[in-house]
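These notes are about the structure you will find just below.
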């Protein structure tokens, strides 16, 4: 029986490259000259932004988004925390979401059932397995999921006949 997996993952190498490019851009920008501002990537899951003021942290957010888009990473996978300000400066944690959460997986399954396609969807941890009798049904399911607007980027993987 043909099947495929629906996943939501971020390429860690591309993420590292995007953060490095964002740091390089900080070094070359005129409005950040002589300023202690930087991006730090922790375990490929959290990006820490730090700068002397919260205004500069917001500018850094725009730089980070631009670099991620240039590297082909969907910014919907990012969850921006609150800007923490103290005497030493301002910081913001940006969490990189990996995998499909249970609640979102249920929404995906409901969307497939609502489309009345001849496919079955089952939740396997942080991914969703969709099976059907015909390849055309699976292609229709992919089209339905691509058309639907979810708050996370979806990739389709492991297509088997």
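If you go along the chain as it appears here, the first residue is 1 and each next one adds 1.
Backbone N, Cα and C define each Cβ position, glycine as well.
From the candidate list 126, 149, 157, 161, the residue Swiss-Prot records in the 3',3'-c-di-GMP 2 site shared with 133, 135, 136 is 161.
Residue 135 (3',3'-c-di-GMP 2 binding site) and residue 33 (3',3'-c-di-GMP 1 binding site) have their C-alpha atoms 56 Å apart, to the nearest angstrom.
Separation of the C-alpha atoms of residue 133 (3',3'-c-di-GMP 2 binding site) and residue 33 (3',3'-c-di-GMP 1 binding site): 60 Å, rounded to the nearest whole number. Rounded to a whole number, the C-alpha distance linking residue 33 (3',3'-c-di-GMP 1 binding site) with residue 136 (3',3'-c-di-GMP 2 binding site) is 56 angstrom. Each of the binding-site residues 33, 133, 135 was scored by the other Cβ atoms within 10 Å of its Cβ; the lowest score goes to 33. Ranked by Cβ neighbours within 10 A across all protein chains shown, the binding-site residues 136, 161 are led by 136.
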